[in-house]
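Scroll down for the structure; my scribbles are underneath it.
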Amino acid sequence: ALSMFGTTIGLYGIPWCEKSLLLTVLMSVIGASMGILDTGGNVLALNTWGAEAGPHMQALHFSFAVGAFVAPILAKMALGGSKPQDLPAAEHTNQSVWRPVPAAPAASAASALKQHLGADFLWSYVVIGTYLLFVSFFFFILYSKGNSAQDKSKAALQKGMFAKYHYALITLLFIFFLFYVGAEVTYGSYIFTYAKVFAEMKENEAAALNSVFWGAFAACRGVAIFCAACLYPGTMILLSIIGSALSSVCLAFFTRYPATLWVGTAVYGASMATIFPSGISWIEQYTVVQGKSASLFVIGAALGEMCIPATVGYLQGRFHRVPVVMYTALMTSAMTLVLFPLMYKLATSPAESDLKEMSESEDRKALLSNSGLNEDEEDEEDVGEWNEADFEVIEMNDTLRNSVIETSRKIPGDSAATGALQPPLDDVLCDSPAVAGGSPGRKTVNVGREKND
């Protein structure tokens, strides 16, 4: 809400600005406000829809693509409709129209500018500013009705969800967006000049080629809204960087064929369309994307938008016969093709807490399995010892009975003697510690049979 309110102030002030310093301040306010909007809009979409933010993120950036495609057309219509009819004949020559202006007062210069551009073009700033003002009020209303407690609870739940290489991922994605946005803006800015100088196209054909790039860019972002509902963000990024790499190779080495230039431009624009929103949705799956992280993404994109086109313009001015624009597209595509697998490797590496839980679960399973084996081994050893004790007791009983019978046969006497000796023998056998009812031997036999059963 604040960013769009600041943009409204800048747009309201520009048509009536008569000082260069004030114009610089107003343009700076608009630039800062748009930077805040880029950062806050992405974070707001992630906080609102969470893991389901893919289609909404694509729709958010689709609106940007539509604006980039439609705004130049509307501006050209406004400029064409406001072309003055009563300009002096000297102004239609190659001489500068504004040569006598520095000697005139500032007020007359501003009035001459307004008369030259027309009221329709100047009032377009006011119309767009009013539109943004209404949208800003809607966001203020949403903010006043928001639930701060819910936001705090959501932020508390998101704590501890950082990836193991969180800062490395943020840095690599910062570099990734720098190259991607720099390549996108560079190609969209210089393809018109490239078509006229290198491809020797007419001005209307070069403008059509530029429209093909931005039209494919906007159309693919519109299609990506529906594709994001059934495709993972990583899959969309992979398809996009492969398409941009193949199309940039064709543009760098096969542009002598006109068909290759047209098809390669369309494929390159379509491939570049989904990378930025898919990149933010992709990183949100593995780590927490907060305001600071999103601001770094926007800063990286802004640095690429500022530095790469300026570098390409400088090199193209030094090397007139070298297609620096196409080689830049190829180089940036190669960089994104290398950076994404590296980011994926870091993002999918398990965190320390996950490794600790895995090790604890493995140790727990190992302890349980070892304890089960030890119990079985102890049971088998006990059963073996008890069986050996049983056989020893049985053998001792048989030996004792046989010895008593042989002794009774050797001693002469009647059967009364044997009968007299038998009860004590039975008493001895029954009362002996080895075979008593509570003895270990008989208990061992019973327990051993139960164990064996």
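For all residues, glycine too, the Cβ spot is worked out from N, Cα and C.
Since this is a predicted model, take the numbers as computed values, not measurements.
Taken from TrEMBL, the feature compositional bias 'Basic and acidic residues' covers 353-366. Among the features that TrEMBL reports, compositional bias 'Acidic residues' is placed at 374-384. Here TrEMBL flags 353-384, 431-453 as region 'Disordered'. What TrEMBL records for 20-47, 59-79, 122-144, 165-192, 237-255, 261-282, 294-312, 324-344 is transmembrane segment.
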Stretch of maximal Cβ-Cβ contact with the transmembrane segment (294-312) [cut-off: under 8 Å; candidates 20-47, 237-255, 324-344]: 20-47
Listed stretch, out of 122-144, 237-255, 324-344, that has the most CB pairs under 8 angstroms to the transmembrane segment (165-192): 324-344
Positions whose Cβ lies under 8 angstroms from the transmembrane segment (237-255), at least six residues beyond its ends: 183, 198-199, 261, 263-265, 267-268, 270-275, 278-279, 282, 323, 326-327, 329-330, 332-334, 336-337, 340
